[in-house]
Amino acid sequence: MSAKTAMMQQRQRELQVLALRKQGVLLEEEYRSEIQFYMHDMERFTLSSTQSMDQQPEIKWHMRPCLVDFLVEIHFTFRLRPETLYLTLNIVDRYVSRRIVYIKHYQLVGCAALWIAAKFEDAKERVPTVQDLAQICRETYDESAFIQMEGHVLATIQWTLGHPTAEAWLRLMCCGPYIEDTKVQHVARFLMEITLFYREFVKYAPSSIALGALTLARSIVGKGRHVFEETEECLEIVGHLDNRLAKHVNDLSETLVKKYSYAFYSKAATFVVQFYLQGGRFEPLPFSNLPITPVTPSHRSSASAFSTPMSTPTSASDISDDYPRTPTTPQSFSSSDPFAHQSENDKENLPTFEPVVNKQRIDAAPEQYLPHDFVTFGRSALHNLNISSPRAMVS
């Protein structure tokens, strides 16, 4: 690299850091290594346990996409920061790892987690009110239930909210020695949000999720790969994403696809969907299996990753501990699983959404949407969660 090229890249980094500071994002280069060390430490401490989540008696993994889709829609409607969505799902996963959650409370836990994350990450004027949350849930829960669940969730996760999200890692990676193209960043963000929907990605650390999404985004957009950065765990994530998109690209959340179809996201969803519909795939390099020195440590979530007094699920109604009881909502219940047999009209996504691959144009930024104009469409399947707990017939 010539001295002139190095000076130009340094100037670009300075301009990017300055632009981030104007947006309220602070980045101090001289503390980068210390910041990364602390973030790696915190992401290990705030990982959830898929093994514990597997033991939930009522909540099953096929229900997760419905909740995530619901939260993505609310998050987009209220214009919350990207970090808020990832922190929300991390809070949900940690809570579900440590407490038994009934179906009738699944949506309540998700809304409480979003409320907590928004208070932690966002400006006060953007945080949804408890009245907003109650209306979004179609008055299924009393307003007091959200407040009570908020306290219960915070007590369960021991008030630990400093989770380094995949979005935070992506920003750090994109402000490094190499300036990433804007389209690559938007495609990476789209891919990262896809990982929130599925079990196979929950066990990975946010740093690996961000690196895997960025690696695949570079490949899709046609930019050069940074092989020296790619860890074994990163390539595993790339493989999972690539296989899922190649086989099930038409099954992506329509809410998520619509969100990333706008021009201010570089039409990332349109680009990715068309790439895989045309048979595009990630091509591993011939020497990708050679031993390499990982840039960041690889951390797998396991039962021994970290242990706390609540590392296994415990009954939320067990009053032998010091934690508050899980809020209850009187309902009449049926024993059917609303996810087992859903018609096309019961889908979680907007029924009027036109598939992005068939669109001739991209709509303008939806600034005209007010919270309930966007959120309350097509919520029947998730709403049925609150009337389908098989345990309710026994209580």
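Glycine too: its Cβ is placed from the backbone N, Cα and C atoms.
According to TrEMBL:
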DOMAIN    69-155  domain 'Cyclin-like'
DOMAIN    164-274  domain 'Cyclin C-terminal'
DOMAIN    168-254  domain 'Cyclin-like'
COMPBIAS  298-318  compositional bias 'Polar residues'
REGION    298-351  region 'Disordered'
COMPBIAS  326-337  compositional bias 'Polar residues'
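This prediction places the mean pLDDT of the domain 'Cyclin C-terminal' (164-274) at 91.
Under DSSP, residues within the domain 'Cyclin-like' (168-254) fall into helix, strand and coil as 64 helix, 1 strand, 22 coil.
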